[in-house]
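Here is what Swiss-Prot records for this protein:
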type: DOMAIN; residues: 3-194; note: domain 'Flavodoxin-like'
type: BINDING; residues: 9-14, 82-84, 117-123, His138; note: FMN binding site
type: BINDING; residues: Tyr11; note: NAD(+) binding site
type: BINDING; residues: Trp102; note: substrate binding site
Amino acid sequence: MNVLIVYYSLYGHVAAMAQAVAEGVHQVPGMTATLRRVPETLSEEVIGKMGATEAQKALSHVPACTLEELEDADAIVFGTPTRFGNMCGQMRQFLDATGQIWMRGGLVGKPGGVFCSTATQHGGQETTLMSFIQTLLHHGMIVVGLPYSFAGQMRLDEVTGGSPYGATTIAGGDGSRMPSENELDAARFQGRHIADVTRRLRA
């Protein structure tokens, strides 16, 4: 069974979390993970002005997701950077193209989850995840979060992302902070959890 991990990453933070989610999926026997990016909407000029050209080159080996892959997957986990407390425009545009899938109920009953990154500790992690989950519910998906059985989200000894709605990371205002090991552990846990739930549902 396949868990599709669909994400957008400009500087690599969400990509690192996506890779950790995939690692968690692979810990469950019989489960595989497929990494896909949503199509870019920014021009190369804009990406260059944002200082993201090298990061984008490093991520270019990951294929763009097709709408058909959404329906073929047994479960889907979405990852996005936060833009003013919501998912990024690239992800929104991709999901806004799923109207035909919605009409035929192509995602109904599939487990789904979300993870994200923000610049700051209180930069909209939970609002991004909660607003994203609304789209999953409209598609009839079964939302799988990050339960408190992952004890790392209770830590107070370091600045860390994570909430029951999904794994998160804090990038810093200048993007210099990459996901911590605790945040990557959260992503692995979420991947393993959604893979296990998917396997049980399909059994």
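Easy rule for this one: first residue shown is 1, then count along the chain.
Every residue gets a Cβ built from N, Cα and C, even glycine.
Feature map: annotations from Swiss-Prot on the structure.
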| residue | record | Cβ neighbours (10 Å) |
| --- | --- | --- |
| Ser9 | FMN binding site | 25 |
| Tyr11 | NAD(+) binding site | 22 |
| Gly12 | FMN binding site | 20 |
| Thr82 | FMN binding site | 24 |
| Trp102 | substrate binding site | 15 |
| Ser117 | FMN binding site | 33 |
| Thr120 | FMN binding site | 13 |
| Gly123 | FMN binding site | 19 |
May I ask for the distance between Trp102 (substrate binding site) and Thr82 (FMN binding site), taken between their Cα atoms and rounded to an integer number of Å? 24
Secondary-structure category, per DSSP, in which Trp102 (substrate binding site) falls: helix
Indicate whether Thr120 (FMN binding site) is helix, strand or coil by DSSP. coil
